[in-house]
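Read through the structure below, which is laid out as structure tokens, and then see the notes.
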Amino acid sequence: MPNVVVVGAQWGDEGKGKIVDLLTQYADVVVRFQGGNNAGHTLVVGGEKTVLHLIPSGILHPGKSCVIGNGVVIDPEVLVLEIDRLKAKGALKDDGQLVVSLDAHVIMPWHKAIDVAREQAMGEGKIGTTGRGIGPTYEDKVARRGLRIRDLLDEARLARKVKERAALAREELARLGAKLELDEPALVKRYAELGRRVAGYATDVSIWLHRALQQGKSLLFEGAQGTMLDVDHGTYPFVTSSNTVAGNAVVGCGLGPTAVDYVLGISKAYSTRVGGGPYPTELKDETGERLRKLGGEYGATTGRPRRTGWLDALALRYAVRVNGLSGIAMTKLDVLTGFDTVKIAVGYRLDGKVLDEMPSDPEVIERCTPVYEELPGWTEKLEHLRTWDDLPPRARAYVKRVEELAGVKVVGCSVGADRGETILVENPFLAR
């Protein structure tokens, strides 16, 4: 069995969790390699909804191992809460089902305080952070002053690092006109207790995964957010604080690039975005609101309404290039049922010219207007369909046109929220 990376091909919220949940049956191990609890995966299995923010989606499959890699930033309060909820459901047992990297960095209370204070200070220039401390935690990681999971397991070391870092945080918050109310001894005790709660799951993930590969096990790497939010390749500065592209999958868990055999990009049949930043196909009219309502486009983590728009073929083609996508899975195709026409942006108009590739400068993207290609819509319900040939001809034509514009095969379509409401044309785990 090959090893497969699943990444978002848009601005996040593409439905990666559902596709990972579907593909987990073919993998032995599911690996989360970046991001934090700013991501939310909503899974519906047998009509029951489960929302996960840190633990990989594959945890709902008995007999599978789930790994949180060194590239993830962890709020231990959230991690322990998810562990407790999954245990209560009987979905998590203490048998090696969950593995957490000792080297994953820890989100501390000052990271959240700094995140919120900075966003408030930016006024109209807000990036749209979730306020969960993700960015400041990654900053501390790069500045070599962060705390890691392993630090929670040594209370004396934890106390020393908390004292050093809290002092710096107070200085920064004072410059932002904010204060950090912190009882350091109580904080150390609380985080040491959280450390004891996760100690049984914590290990050297690089060694653990290397041994899994030696045993012939197959890996499924689960990305968070999306390509257009990548800190290097997204619409900077309106991005997240980590690399969301496929190349980071192995970096974020301690393996080499030869561990990856197939890269699957997830794209909605339309598009959405949360927070600020350029979004050429955004619809601020009744059509946009219709997409929002039909698609349930409200954040799994924040609950805030998502911006909505037509599919952007330039952005999708960009995602194909920077991820080296082997195939695309299209989600929420059913949401487009009932539209008289459906549109795809096939170019951008800028200063009297038509561009066929997405500009690298977000300020230039802001000045672009989309050039649309219109296709006839369909009225048939899709939720009960299970094969490609069952799809209405117009829905098939839409998918094939997206495939042509993206330059890579659409290997699956989601036609409903439940795990089973999916048409898989080509299984990435059986593609080689």
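Glycine residues also receive a Cβ, built from the backbone N, Cα and C atoms like all the rest.
DSSP assigns Lys18 (GTP binding site) to a helix in the three-state reduction. Under the heading GTP binding site, Swiss-Prot lists 12-18, 40-42, Arg306, 332-334, 414-416.
The Mg(2+) binding site annotation in Swiss-Prot covers Asp13, Gly40, and the record cites sequence analysis as its basis. Around the Cβ of Gly40 (Mg(2+) binding site), 19 further Cβ atoms fall within 10 Å across all displayed protein chains.
The annotation IMP binding site is assigned in Swiss-Prot to Asp13, Glu14, Gly15, Lys16, Asn38, Ala39, Gly40, His41, Thr130, Arg144, Gln225, Thr240, Arg304 on the grounds of sequence analysis. Neighbour density for Arg304 (IMP binding site): within 10 A of its CB lie 12 other CB atoms from the protein chains shown. Taken residue by residue with DSSP, Arg304 (IMP binding site) is part of neither helix nor strand, so it is coil.
Asp13 (Mg(2+) binding site) falls within neither a helix nor a strand when secondary structure is assigned with DSSP, and so counts as coil. The local packing around Asp13 (Mg(2+) binding site), expressed as other Cβ atoms within 10 Å of its Cβ over all shown chains, amounts to 28. Summarising the annotation, Swiss-Prot assigns active site, proton acceptor to Asp13 and lists sequence analysis as the type of evidence.
Residues or ranges marked as active site, proton donor by Swiss-Prot: His41. Secondary structure at His41 (active site, proton donor), taken from DSSP and collapsed to helix, strand or coil, is strand. Counting every protein chain shown, the number of other Cβ atoms lying within 10 Å of the Cβ of His41 (active site, proton donor) is 24.
Taking the Cβ of Thr302 (substrate binding site) as centre and 10 Å as the limit, one finds 16 other Cβ atoms among all the protein chains shown. Annotated substrate binding site per Swiss-Prot: Ala300, Thr301, Thr302, Gly303, Arg304, Pro305, Arg306, in sequence order, evidence recorded as sequence analysis.
Note: the Cα of Pro305 (substrate binding site) and the Cα of Gln225 (IMP binding site) are spaced 16 Å from each other. The binding-site residues recorded for this entry are Gly12, Thr130, Gln225, Leu333, and the Cα of Gly12 lies nearest to that of Arg306 (substrate binding site). Summarising the environment of Ala300 (substrate binding site), the number of other Cβ atoms within 10 Å of its Cβ, over all protein chains shown, is 17. Counting neighbouring Cβ atoms within 10 Å of each of the binding-site residues (Asn38, Thr42, Thr130, Gln225), the lowest count belongs to Thr42.
Among the binding-site residues Gly12, Gly15, Gly303, Pro305, the residue whose Cβ has the fewest other Cβ atoms within 10 Å is Gly303.
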